[in-house]
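First up is the structure itself, then whatever we jot down about it.
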Amino acid sequence: MARQQTKKNYSLRKLKTGTASVAVALTVLGAGFANQTEVRAEGVNATTSLTEKAKYDALKDENTGLRGDQTKLVKKLEEEQEKSKNLEKEKQKLENQALNFQDVIETQEKEKEDLKTTLAKATKENEISEASRKGLSRDLEASRAAKKELEAKHQKLEAENKKLTEANQVSEASRKGLSNDLEASRAAKKELEAKYQKLETDHQALEAKHQKLEADLPKFQRPSRKGLSRDLEASREANKKVTSELTQAKAQLSALEESKKLSEKEKAELQAKLDAQGKALKEQLAKQTEELAKLRAEKAAGSKTPATKPANKERSGRAAQTATRPSQNKGMRSQLPSTGEAANPFFTAAAATVMVSAGMLALKRKEEN
């Protein structure tokens, strides 16, 4: 654009120079014509020869031609001046356009710089976006791997939770069975104590009767001594029998007391063991519940905890057991724990021994289980 503007300026200067040259030439030519006309007029006045007249006519014609040429040149000069004015206007217009073009060029240069800056910024942002996309892809892969690992861990925890729930149910059933056996053992002890008290009372009555017979024996005559002797022997036999039964009852009561001590000790140990297991199970269940909650939060799932279903089943099972337990206990109270025979406060020593043995065996089985 600058080069074209320079060419236009040079053309305008050249046009101005040519126009000035034409004007100078016309001025000189007009002065020459005037001088020739004056000289020729003086010659005509001095001579009147035909030759001079012919020359005069020729010069006149030439002068007329030159004047015509001058008119043409003046007209051409005016046209050139008009062209010069038009060219000057065109020049001004072109200069204004050049200024406008310069503004446009500067604006375009500025826009070009802005575009370069925008392009550089967009390129940098594209690079950052590409790096961010790659980072997000890596994070997504890592998140998927972590999700798979968490799902596997969740399944493992669910399996462990199920096992712990089942173990807790078995432990609860064992504890309830042991409690029932202990209640049966206590009922048997009460019955043995009642029997012991009755035997003790009978023994004291027989002992008093025997002492009375011993005291009354010298008072009776000899003929009735045989009957008294028989009564005394019968009393002694009854006393021996009662004493034997009392001894057996004492032995059974001692055995029951010993078994009760063992049962209490085993019960305490088993209860402590069950309490420790229950506490460990509760802690593990709480820990697993917390881990399950974290897993559910990470998975953004609103499903219920699977571990609560076995708990609901356990509660319903406990409720059913609680509902059926009174009738079972009622039936057990009217029967012996080992033989199933009808309970009798005066049952035999063999039945008591079998009952105590059955209670001990049941306790050992519970402990082994």
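Using the three backbone atoms N, Cα and C, a Cβ is placed for every residue, glycine included.
According to Swiss-Prot, the protein carries these features:
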{"type": "COMPBIAS", "residues": "319-338", "note": "compositional bias 'Polar residues'"}
{"type": "REPEAT", "residues": "162-196", "note": "repeat 'C 2'"}
{"type": "REPEAT", "residues": "272-277", "note": "repeat 'D 1'"}
{"type": "REPEAT", "residues": "278-283", "note": "repeat 'D 2'"}
{"type": "REPEAT", "residues": "286-291", "note": "repeat 'D 3'"}
{"type": "REPEAT", "residues": "293-298", "note": "repeat 'D 4'"}
{"type": "SIGNAL", "residues": "1-41", "note": "signal peptide"}
Query - Distant-in-sequence neighbours of the repeat 'D 4' (293-298), which means Cβ under 8 A and at least six residues beyond its ends - result: 147, 150, 153-154, 157, 305
Query raised in the report: Per DSSP, how many helix, strand and coil residues does the repeat 'D 4' (293-298) have?
Result: 6 helix, 0 strand, 0 coil
Report task. Could you tell me how many residues in the repeat 'D 3' (286-291) are helical, how many are strand and how many are coil under DSSP? Result -> 6 helix, 0 strand, 0 coil
Report task. Please list, for the repeat 'C 2' (162-196), how many residues fall into helix, strand and coil according to DSSP. Result -> 35 helix, 0 strand, 0 coil
Report task. Let me know the model's mean pLDDT on the repeat 'D 3' (286-291). Result -> 74
